[in-house]
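The feature GTP binding site is assigned by TrEMBL to 33-40, 98-102, 152-155. Per TrEMBL, domain 'Tr-type G' is recorded for 24-205.
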Amino acid sequence: TRLFVILFPFALKDAVDLSKFPVERIRNFSIIAHIDHGKSTLADRLLEMTGAIAKTEKNKQVLDKLQVERERGITVKAQTASLFYSHQGQQYLLNLIDTPGHVDFSYEVSRSISACQGVLLIVDANQGIQAQTVANFYLAFEAQLTIIPVINKIDLKNADPDRVEAQIEKVFDIPREECIRISAKLGTNVERVLQEVVNRIPPPEVSTDDPFKALVFDSTFDHYRGVVANIALFGGQVKKGDRIVSAHLGKAYEVNELGLLRPDERPTDRLYAGQVGYMVAGMKDVKEAQIGDTLYLQQQPVEALPGFKPAKPMVFAGMYPMDQSEYTGLRSAIERLTLNDSSVTVQRDSSLALGAGWRLGFLGLLHMEVFNQRLEQEYNASVIVTAPTVPYKAVLSSAKLIKEHGSEEITIVNPAQFPDRSLVSEYLEPMVVGTILSPDTYTGKIMSLCMNRRGVQKNMVYIDDHRVMMKYLFPLNEIVVDFYDLLKSMSSGYASFDYENAGYQAADLIKMDILLNGRSVEELTTIVHRERAYSAGKAMCEKLKDSIPRQMFEIAVQAAIGSKIIARETIKAYRKNVLAKCYGGDITRKMKLLKKQAEGKKKMRRIGNVDVPKDAFINVLKRKDK
Ligand SMILES: Nc1nc2c(ncn2[C@@H]2O[C@H](COP(=O)(O)OP(=O)(O)OP(=O)(O)O)[C@@H](O)[C@H]2O)c(=O)[nH]1
């Protein structure tokens, strides 16, 4: 009997005949929030209350599946669950489409959102509106979704829901009466959230009589079955055995498996318009089921859903194994990780100093960081990651080059490809609009940080008595390295930051070389803004001075633009030679020292007459100090 009691609620719930489930009683919604405001906690409560999962401590945050997500407390990959909920004697199908929590994934967020008619916008009752609250709000607002503001963590001692309601009214123009105050942790008022989802969010406007049309809003890779695509049906129905086509690639597949996500997979024979579920169709690569793609029946082609664009990498970094013997291991680790993430681009690359490696492209900084962490944690790989760079562009003026490239505009990812000024009419750099929210005590410091980063203030408003929201236009390059860390530390952790891409803008870019005793070091060449050349050159020379050991002669470390030297450091000569230590006598010690020196040399790279140890390159090129 006990087993029966345990299984019974699930059996009953899943016995619903999906074909008869009326579209009017379907609600598709997402939860959006700034990091840590309680999205996963609320999702767990909703799942428990609708019986999708049992109420135990172990089930904490079922929707965040990846290890790095649990550790960092951020959601990376969207996870989804279908909930059955009874309200006033009627059964409703509520599809909770979980969205990634960070701006880097804003394309994924907006795709997930386009499968919804409404969102729950969660705001922490203590912290109030933060940068990602604003970014996520606009994604939902532009998609014309119903937005239900939910103020979470009202159980906290210093919760101030009145103040947060006033912020919501001021910044988003949503009447404060529409806010629902809850504690996701304690379950307070969460039932009300479910009721309001039913009451306020409209059902999807779709029909089972239309031809089958589905949006791919997420996909993962499974070693046994290939790609598992999460889909939302915008029309018609689909069953096992159907031949479907992906609009983006035009390739046809047979549907092998279909089902609901509760949040575990529950296979079904068919899915119908308005429903959300998963599909396995013999796709072997996540690139075949890209987020935002449309699927339709082979015999019934339809127009693709609007707005599909393959994710574009905006931040690039080199990755090299610490030791070349680890190359193969790292390669397979990178391959396995990219199986699940079609937005990372991988290109083989090699550096004289660091050996064979790759240049990887990411959607943004967090995306890169999450990828590195997963690489280290899940594959135990020790990796050298170089400082990130951004894709510049050049508008060519040389007819010969235009012919060679087949277009007037080229993208430059590698400084070695930087075309000379005389061959271009202008250089362009990627821009972003950054949103910063902070207590007003830090406004002055933040404004000067932004100015130092070539930021142009677009607007500044008080969202309540003590908090300001600032918008800046920044060159992406200025925020990729340490901007966020600096912002956090100068505001004692209180400022939040988010950005969105804002196209390209003309920029005075130049190529900067680093010279050792007059010889250029190819792997240290960088593209910089003219205004920033002096400080960048100086910083690079100083770092090199600290990492190259003294040698028998003096070494000039210089930064140069063309033939003009803009910075210089000198490494003084090392007076004693290695053998000087040996007081003439001990021959074995002498041999040992010579051997050691020879081994050390193997790891050196010789530039002109200067030996540079690999470590020096790592120090100068790597992303940040750990
Ligand atoms: N006191 C209190 N703490 C809460 C409440 N809801 C969530 N928390 C805590 O806030 C922290 C963040 O909650 P999460 O649910 O992981 O936040 P999240 O928004 O999912 O974070 P992302 O996945 O990064 O977007 C956790 O430590 C939760 O236990 C609440 O109602 N009251």
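Glycine is treated like the rest: Cβ placed from N, Cα and C.
Bear in mind that TrEMBL entries carry predicted annotations, made automatically and left uncurated.
These numbers come from a predicted model, not from an experiment.
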For ILE154 (GTP binding site): intrachain residues, at least 6 apart, with Cβ closer than 8 Å:
ALA125, PRO161, ARG181, ILE182, SER183, THR188
Count of other CB atoms lying within 10 Å of the CB belonging to ALA33 (GTP binding site):
25
On a simple 10 Å Cβ count over all chains shown, which one of the binding-site residues ASP36, LYS39 is most densely packed?
LYS39
What does DSSP assign LYS39 (GTP binding site), in three states?
helix
